[in-house]
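Beneath this line is the structure, given in structure tokens, with notes to follow.
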Amino acid sequence: MTALPRRIIKETQRLMQEPVPGISAVPDDSNARYFHVIVTGPEDSPFEGGLFKLELFLPEDYPMSAPKVRFITKIYHPNIDRLGRICLDILKDKWSPALQIRTVLLSIQALLSAPNPDDPLANDVAELWKVNEAEAIRNAKEWTRRYAMDN
Amino acid sequence: MSNDVDERVVDEVEALKAILMDELIVRTNESGYPVAVETVVFPSTADDALQQYVCLTLVVELTPGYPDVAPDILLRNPRGLDDSVLGRIDREVKEKCESYRGQAVIYELIELVKEYLTASNLPSCQCAICLYGFREGDHFTKTECYHYFHSHCLACHVTSSEKSYQEELDKLPAWQRNQHPQSPCQVLCPVCREPIQCDMNMLSSAAPPLDVENARQFELSDELRSLQRQMAALFSHQKRRGGIIDPEAEDSKLLLVTDTTEQEGEDDPAGPSVLFPPAAPLFNSTSGSTGSSVPNRGDWRRGGRGGYRGRGNSGSHHNRHGRRHHQAAATSR
């Protein structure tokens, strides 16, 4: 295995020493570029009370290119598709090497607080979110309760 | 006391006052004879205060008998200087005092300290690219927007930006590419996204930052291991409840969805088959029975890299929406 870049080591250490509220990220035993992540659903969002598992991978040229992130836990959200892929500009063309694992995960948590059905990835979800927001939010709450709760 | 007045001291202090003006503070005894002088020393940066990251107050106590006796030197209020640099300045200053016995030394001391500060004039923040600080001997660059990076790190950013720019350009059809011929890649500041100009020859010749080379290796702590166990438990729990995304199952579901929507003739012209192509899963999360969903590295290369770029999903999505994305957190500092 090639040496792990120091920046990744430093980020991992900081994630442990100064954890971000509502977010945990742990490197995998066998691959220090692969992180197991839990993001808690933000308060006052339909995802409140949910514990969402994500996976995050730092590609070879990180931090020059963005981490690959996807949801593992099912989630009903207009900007997250059935495969858990996330539509977020900083994960694509707005990536900057000054962003970090923690800022990426905070942005994803913010996306849960502020769904944007006008720029959808999950088209059927976005459609309902636009025509009947109340029902969409009910669905999101139901999915959270059914799939993302701890008990 | 007045018997001790030494004209050499009075002359030296007068000369210093003429040079430093209000930057010099002179303490006198009750008869107006100077007993100490102090001044804040900055690195020489052509008086550009924005480029001064370190400073130091030099206090020279004029011991009785000075200049035939060495003065007492105090280095106060050091800013941006670590103890090793401070120790070296202190030693050098004392040596100079010894070697200048009998002569006026204060101006020499100020110059000596200034020389050291100029050599140690480094920003105390971190480089936002490698997350390490700036050490003596590191080559660093200040952008027009006053952000600091190791030259080596910024060179990597510029190279990477140019590469992605070229890749985006190559994706365009020829007629579109010809519309803006030769438009150069505009590199943005990693921190504030302001356009920046870089001298790549200078940047790329810089050595990697020193701290990065010397950093410690990472080891998993017990705390981390316990967190890993909690996460594995949560994963198993959610899997039992059917809460885990199964990319293969989702793919086969999508094939059905395509059929039904076509029959029902829904108004989405792109159709779900474009929005949710049966692509290879991003991560090979179905492999492995331990409850952890770690892909081996080989899978990552195939699924993560090739798959990511080649997948029709992001392309169609962006085309349909004119490359709009969520405005996410800025990288402000």
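Each Cβ is built from the backbone N, Cα and C atoms, and glycine gets one as well.
Residues annotated as compositional bias 'Polar residues' in TrEMBL: B:283-295.
Taken from TrEMBL, the feature compositional bias 'Basic residues' covers B:317-327.
Residues annotated as domain 'RWD' in TrEMBL: B:11-120. Per-residue confidence over the domain 'RWD' (B:11-120) averages out at a pLDDT of 89.
TrEMBL lists B:127-193 with the feature domain 'RING-type'.
As annotated by TrEMBL, region 'Disordered' applies to B:260-333.
According to DSSP, the secondary structure content of the domain 'RWD' (B:11-120) in residues is 47 helix, 28 strand, 35 coil. Counting residues per DSSP class in helix, strand and coil order gives 27 helix, 8 strand, 32 coil for the domain 'RING-type' (B:127-193).
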